[in-house]
Amino acid sequence: MIKTKSQKEIEMMHEGGKILAKILKELSVAVEPGITTKELDKLAGELVFKFGIKPAFLNYGGFPAVLCTSVNEEIVHGVPSDRKLKEGDVLKLDMGVFYKGFHTDSAVTVLVSNSSKLSRIFKLDYSRKLKLILVTRKALELGIKEARIGNKIGDIGSAIQKYVEGEGLNLVRDLVGHGIGKELHEDPQVPNYGKRGTGPELVEGMVIAIEPMVVVGDWAIKEGKNGFVFQTKDGGLAAHCEHTIAITEKGPLILTQ
């Protein structure tokens, strides 16, 4: 069942989403070669405390951390560890928060690099990795533009799929976006592929998380050994970007920026 939100509820979600955006920005700035994903999770926990907000992922389904950190072929739900990030790693930072009774969810993909080492840019195949990240960001933007009253869920996925596949990349099929609100995951599902004019109609007050997961190879995935992370089956690189979006009379409202 799809649960719409009132204007007041959307405003509260926007408050929480703005805090989440600040946290993800600080985490992105902290990313550098040599830092561990566990250190990033520790920083996320400190920022959650600083802003007086609750982490949504910690203990959700048994997940043991505040932040999801997925590296290279890992797509989502990576568990922070003592793994040190290396120059050229493709890092996904995914985080949710709970504020005033509502959840928001957002993700960014960061290319781990030391800006002083620009001479390495081609040796580490940065151009291919940057394209993957930029295409994923643009795909999210295009999906958000379709999140308008009267459109269908399929319009979002169709716009994302057309663009990503046109760039020679693929979209994960088995992991999708979702409704969000009092629960972290609500109806409807929001696939990153599909046909225009299909699926539930978008109505005022709906709030959804749009999150394209783009891969350089085949879209097939497998579950990792820790029981949480999903990764590409062929070992290809993956990127993931996400925003929480409210469907409003004035158009799509990004709650997590």
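Yeah, the Cβs are placed from backbone N, Cα and C, and that goes for glycine too.
Predicted automatically and left uncurated, TrEMBL annotations should be read as such.
Annotated in TrEMBL:
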- HIS77, HIS185: substrate binding site (BINDING)
- ASP94, ASP105, GLU242: divalent metal cation 1 binding site (BINDING)
- ASP105, HIS178, GLU211, GLU242: divalent metal cation 2 binding site (BINDING)
- 11-249: domain 'Peptidase M24' (DOMAIN)
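The structure, with features from TrEMBL marked on it.
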residue: HIS77; record: substrate binding site; contacts (Cβ under 8 Å, 6+ apart): PHE63, CYS68, SER70, ASP94, PHE228, VAL229, PHE230
residue: ASP105; record: divalent metal cation 1 binding site; contacts (Cβ under 8 Å, 6+ apart): LEU20, ALA56, ASP94, MET95, GLY96, ILE180, LEU184, ALA209, GLU211, GLU242, THR244, THR256
residue: HIS178; record: divalent metal cation 2 binding site; contacts (Cβ under 8 Å, 6+ apart): HIS185, GLU186, ASP187, PRO188, GLN189, VAL190, ILE208, ALA209
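Listed in chain order, the extra residues whose Cβ falls within 8 Å of the Cβ center of the divalent metal cation 1 site residues ASP94, ASP105, GLU242 are CYS68, MET95, GLY96, SER106, ALA107, ALA209, GLU211, HIS240, THR244.
Each of ASP94, SER106, ALA107, GLY177, ILE180, VAL190, ALA209, ILE210, HIS243, THR244 belongs to the same chain as ASP105, HIS178, GLU211, GLU242, is absent from that list, and has a C-beta within 8 angstroms of the C-beta centroid marking the divalent metal cation 2 site. Residue density at ASP94 (divalent metal cation 1 binding site): 23 other Cβ atoms are found within 10 A of its Cβ, drawing on all protein chains shown.
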